[in-house]
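> I have a structure here, written as structure tokens, and I will follow up with some questions on it.
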Amino acid sequence: MKEVNGSKTSLSEGGGVKLEKSLGLFNGVAIIVGVIVGSGIFISPKGVLQEAGSVGFSMMIWALCGMICLVGAMCYAELGTCILKSGADYAYIKEGFGGLPSFLYLWVALIIIFPTGNAITALTFSNYILQPFFPDCDMPEVALSLLAALCITLLTAINCASVKWATKVQDIFTISKVIALLIIIVTGLVFLFMGSTESFKEPFQGSTTDPSKFAMAFYSGLFSYAGWNYLNFVTEELKDPYKNLPRAIWISLPLVTTIYILANIAYLVILSPAELIASDAVAVTFSNRTLGVMAWIMPIFVAMSTFGSLNGCIFTSSRLFFVGARYGHLPGFLATINPKLMTPVPALLFGCIMSLIMLCSSDIFALINYAAFVETLFIGVSVAALLMLRYTRPDMERPIKVHIIFPIFFLLIIIFLIITPLTSSPMECLMGIVMMCTGIPVYVIGVMWTKKPKVFENYHRKLSLLVQKCFYVVAEDIEEIKMD
């Protein structure tokens, strides 16, 4: 028997398991690209164009946002190679600033960020799958929710069954979304070379000079790249992370930036700027005008894109919960692994349950707005941890060390991203901060209060043993677990 966070696990002497290093470079690229490229580029990439005011200026913003996210990803490459732990922001904040700040990130991630993101992605998948069956009327909310729940449950089951299966799903659906975007890009370029250049005759006419509109265009562009840091959630499972983490970043971000720019050009070859802004499903409108009898394929590609993005989020978020439990910030049984399947089954099921609960919420879209502000805040804290570690641990081994100007520049961008919604949507930001602060009493009771009553300890032990018996899981094989 082995004890983790106060709960004994069924381990033989000298036994134990660890999550395998099974992710190669291609898998890493598939995770980053697959998570970033969800449904947004297919459904409504209009935010940047609408605020920028012109085609040429919007393309410049798309390119600039891609380069800025690459700078942020380079900072995360340094963090990920000097702190070889899964959990991304949680691990880096914990290393730089200690237990409470890292727990607050974990708290917001498990109650808002991942459950709401997963639920909305699953609902988008359901919408595109069911749309052909309800062409002339609104889809039943129950049908949407049930199919979304089935999607989340199916992907969780795949992730529980095998890391290999989960990565195969990620690889296949990332390839499918890239193929879909290539179809759009090639089709647009063909029409462009045939003389459809109306949208590009005066590319900078109407460019905004209003600083607030530029700020919102910039804000929309940066959030279209959300997910660039998700590979860092699974650092421990990367083969040769010193090489593959930075390589995956260097391949993925330029690839996504190029695809985003070319896809927007393709859309504007077929649609006028006004038509693109007015459309609620740009890729479908595009395919209806260009692909003829094959137009039906585009909604399927959008559904496949959301399916792959959801798989990537389920895979990566489970490792966050796993690592949080390892360090005593979540119940210890979440840091257990099925030795036959070699997957963190309890952490995966926990994420599934939280996402299914969120599907029942009527305020899910409001919650995702609260989450966006707080997630941006913690990305800034993670990069600040890089600077803190440069000061407090100058001799720390750093296989990759970016120039100091990169984290400083990126922090300035994060400050901008925090100030912008504070001025435009102060109540949403306030609600996000309130939700984050609800984690403080939870931390005090759950983590700082070490001398809990026997009744509590007995209940926790019984629950842990029940989880172990039900899912045949054991604690991971690590030499030492440090708790706050």
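Please read every residue number as a count from 1 along the shown chain.
Glycine is no exception: its Cβ is also placed from the backbone N, Cα and C atoms.
Automatic prediction, not curation, is the source of TrEMBL annotations.
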> Quick one: which of 104-130, 347-373 does TrEMBL have down as transmembrane segment?
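Comparing 104-130, 347-373 with TrEMBL, transmembrane segment matches 104-130.
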> For the transmembrane segment (104-130), I need the partner stretch with the highest count of C-beta pairs below 8 angstroms, choosing only from 142-163, 214-235, 247-270, 290-310, 404-424.
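That would be 142-163.
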> Is the transmembrane segment (430-449) close to the transmembrane segment (404-424), in the sense of at least 3 CB pairs under 8 angstroms with a sequence gap of 6 or more?
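No, these stretches are not in contact.
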> For the transmembrane segment (290-310), what are the same-chain contacts with Cβ under 8 Å, counting residues 6+ beyond its ends?
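Distant contacts of the transmembrane segment (290-310): 34-35, 37-39, 42-43, 118, 121-122, 124-125, 128-129, 131-132, 151-152, 155, 169-170, 172-174, 176-177, 179-180, 183, 187, 191, 227, 270, 281, 283-284.
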> Have the transmembrane segment (55-77) and the transmembrane segment (374-392) got at least three CB pairs under 8 Å, pairs 6 or more apart in sequence?
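Result for the transmembrane segment (55-77) with the transmembrane segment (374-392) is yes.
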> Which sequence-distant residues neighbour the transmembrane segment (374-392)? Criterion: at least 6 residues beyond either end, Cβ under 8 Å.
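Those are 72, 75-76, 78-79, 82, 88-89, 92-93, 95-97, 101, 105, 108, 112-113, 226, 229, 404, 407-408, 410-411, 414-415, 417-418, 432-433, 435-436, in sequence order.
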> For the transmembrane segment (214-235) against the transmembrane segment (23-43), do we get 3 or more Cβ-Cβ pairs below 8 Å once near-sequence pairs (under 6 apart) are dropped?
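Counting Cβ pairs under 8 Å (6 or more apart in sequence), the transmembrane segment (214-235) reaches the transmembrane segment (23-43), since there are 3 or more.
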